[in-house]
Each structure stands twice: as C-alpha cells, then as structure tokens.
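Participant: Sharing the record's features from TrEMBL:
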type	residues	note
DOMAIN	28-251	domain 'RNase H type-2'
BINDING	Asp34, Glu35, Asp142	divalent metal cation binding site
Amino acid sequence: MDLTDFEADNSVSCRLSSSIPDVCRTEDCCLGIDEAGRGPVLGPMVYGICFCPVSRKEDLKNLKVADSKTLTETERENLFVKINEAKGFVGWALQVLSPNTISTSMLQRAKYNLNALSHDAAIGLVQYALDCGVQLKEVFVDTVGPAEKYQDKLSLRFPGVEVTVRPKADSLFPIVSAASICAKVARDHAVKSWKFAEELGEVDTDYGSGYPNDPKTKSWLLKYLDPVFGYPQFVRFSWSTAQTLMDSKAVAVHWDDDEEDGEKAAARQNNTSMLSYFSRSKPPELTHTRDTHRFFTERKLQSVNTL
C-alpha cells in the first residue's frame, strides 16, 4: 500500500483511495465501514470504507475476506492484493488520523472525544463516496458507541441510504470485512515505516502492539519520554497511559491560569499582568510622567482608554 501522501507529513490526517470502478457509478452499491487502531497509544487510527455493486456481493464473498483481527499479517496483505485486483467492481478509501490529530482534538478547549472523531471520519468517507458518484443504497457499519443511536445519526445524515449498524459487523458482512482489511493493512504499514520528525537518532522500533497494557509498549514509552518536551508525535499523548507517565517522570509544569485568573497569578508573583495594559486605570509602574512626544501633540492625539 502506498502511504507516500501520509508519510510526507504524518502530523496531520490524510485521505487515500483507490480508483472508482465505473460499475459503481451506474449500479446500486453497498458500502462497509470499519477502523483499525482505535485503542493503541502509538500510531494512527485508520478508518476505511469498501464498496461494490449489490449484485456483486457474492463475488466479494468469494475473495474470502474476513474480520482483519482473525487474520495474520500475511493473510491480510494477500487479501488486500486480491481486493485491489478486483478493481473492476471493488473500490476503497481510507482516512488516516494521525496521533497528533487525535490528541490535539481530544485535548482542545471544546472537547472532541474519540467517538465524535470516529463518527466524523466515517461520515466524511461516506460523503466522499457519494461525491465520487458511487450509487450508494446500503451502508454497513461496525458500531462505535450505542448501535441504535449511531444508526439513527447516519440515517438522518444520508437519507435514501439503508444504514445497518451492528457490533462485530466486520465478522457479519463481507463488505465490512474488506474495509477492515484495508484499514488494518494501512495502519500496519504506517506504524512500520513511521518517520520521526524529532531528532531521536536510531529509534528502537520494537514497541510491541502499541496497546497500553503491552509491556514492550510501556517500556518504549518510558525510553522515549523527554522530561521537558514529552513524547514524539508517534505517541497519542492524550491517552491516560502517556499522561500518567508524564506526570510521574517528566518535569512538572504549573500553568497559573489553569487555577486562577491572570491578575491574581501576577500579583502572587509580584509581576504585572498583561491584562493591566488594557485597563482604564493603570498601575503605578505603568504611569508615565514624561512629556508626550510632539508627534502626538501636534496632531492633537491622545491615548484611548475605551472604544
């Protein structure tokens, strides 16, 4: 799988896709949605869609696609090759969500949790297929959160499309299995060929599965924790595993404004708050006894305290 576009800047998200089969623009199609890498503390999360004409469901089934989690890496790679070889009637698209995108989204002031991020990635991919002219009639989704609620959300967003959301959909519907394989192969390649933007020298790539409870992953996180700057962008620093290690092993940073407003923090440290420059009554240290420069007096200019 060619991840060149993502590798060019793995700090941001990226969309990858196959060509759109002509038959998918003229016949009613089904589409499956699944993800890979939701739980790991390392690497990207990849959302994938796969689609084909409803009349070719059996042909897709004959490719022997299955839930990617039940397959070996070699089996997934071989099946992805088969899916690509079936480009006359099968198409796919991926949204690669970088670790940096995931973490900054989850930690921004207006909370944007992983479920919302996942829903938006899935919706974006379905909309992409529609925009490309795919004649969608059926959508099958592996659930994120309550299945019924998610199904209602997608049905409302895509009227005229029959939406089915089920737990373990990747083992129930071959079109979801195919999406699962595409997503998992992309994530595996992204993790294996990760290019570190940080200057870390020769990086130890034996980081295990990437899941928080994996001893190898924990050991890698400890090894590459910088006490001042934290983790490289390969790590989802919003995960509790990473945060716990930073709290216990890294240098503590106190942000005054997290607990008190700027005026109080400045007073406590015997400093002048930046906000005081904009107040009507200036503190003594900001009052000036010097004459105003003639540039201002000649033009009858004076300071404005209020707008």
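Cβ from N, Cα, C; glycine included.
Walk me through the surroundings of each of these features.
Facilitator: Around the Cβ of Asp142 (divalent metal cation binding site), the number of neighbouring Cβ atoms within 10 Å comes to 25.
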Participant: Which entry in the list of binding-site residues, Asp34, Glu35, has its Cβ near the fewest other Cβ atoms, using 10 Å as the limit?
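Facilitator: If we count Cβ atoms within 10 Å for the binding-site residues Asp34, Glu35, the smallest count is at Glu35.
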Participant: What mean pLDDT score does the domain 'RNase H type-2' (28-251) have in the model?
Facilitator: 91
